[in-house]
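Presented below is the structure to which this report refers.
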Amino acid sequence: MNTTTRTFYLPRLEDTFSVFPDNGLNPHYAECRIQSQAWIDKYYKIVCGPKMRAYMDHCKFELITAYTYPYASSDGLRKTMDLANILWLYDEFTDTLSGKDATNAAAIVIRTLRERDFDDGSWICHMMRDFYAAHIEKFGPNVSRRFIDHFCQYVEGTGTEAKHREKDHVLDINAYIIMRRAASAVLTAFDLAEYCLGIDLPQYVHDDPAFISGYNAGLDLVFLDNDLFSYDMEQAKGHCTTNIITVVMKSKRIDLQSAFDFTAGYCESLTQQLIAAQISLASRTDPVFSNNAVKCLEAIANWVKGSDGWSFATERYFGKQNVIVKETRAVEMRKSFQDIAVLKE
């Protein structure tokens, strides 16, 4: 397995995702971003130094919601932005922790979401209490239940990932996908898609095989696409053991570029799986499936396409080279920790 290559080429997945409609950007982005930044900044000030705060501002985390929820109202978009800011901050914070400390942080989140009178005085607890009061209480009962379950799964998963990083443990492909599905933050983003559509799907829809097929295809596409973009940053941090590229290189015994190409091919298959699920559900006689469930899968497809588009609009992955990388697809791998802001700087 050749790992010495210092340049790799990203696939053009926007061509693959061109089968999904382009619904543009949400028109409420500018106003909602100001509101969401003002809210999350009080927690950034506690956790991040000025260099990291400047870096995260350049990443334009709120912009991803304008790409992925173009149909959302101002109220809905604000909810998605607050969630995005929580997820990015929590992800950066737990990346610096040991497996034990990440597990302890997860326990605080879980107790805060499940025990309404819990307050240990920590910034994590207060951030989640704020989000619950401002947003979760407004969700429908099914979306609310799933959101809390999914968020708890996500934070538990950060502890698991941290333990894998500590041990340099690389899963096989199937085990990796199962782990990511079970504990992906994208699950919570999909829950908010339901809310923004004004839909509260009954659980039997989420348990339907055709819906599961489309839902999982969209979920896999989002985190695999993200793995492609984040690989260079993660290898520079020493965190690439929990990235599909490392997983594929080890499992298939292939080189770096071949792993990118393999993953791109898998994404093409998943795209067709998502489309097939929409067609299947649209043929049902029950409007809960033929209308509401299809709308939710369309929103998931929008998430896939929008997330891919945002990844080149942000400086999150390639810094000031983002436009050049979009044009050339060439990524020159960074040396360890080069240009990576440290949390407390």
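Backbone N, Cα and C define each Cβ position, glycine as well.
Computed from a predicted structure; not experimentally measured.
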Would you mind telling me which of 91-95, 156-160 Swiss-Prot tags as motif 'DDXXD motif'?
91-95
For the motif 'DDXXD motif' (91-95), give the DSSP counts of helix residues, strand residues and coil residues.
5 helix, 0 strand, 0 coil
Integer Å distance between the CA atoms belonging to E234 (Mg(2+) 3 binding site) and Y317 ((2E,6E)-farnesyl diphosphate binding site):
9
What other residues of the same chain, not counting N226, S230, E234, have a CB atom within 8 A of the CB centroid of the Mg(2+) 3 site?
D227, L228, F229, Y231, M233, N243, Y317
Which one, from the binding-site residues D91, E234, has the smallest tally of other C-beta atoms lying within 10 Å of its C-beta?
D91
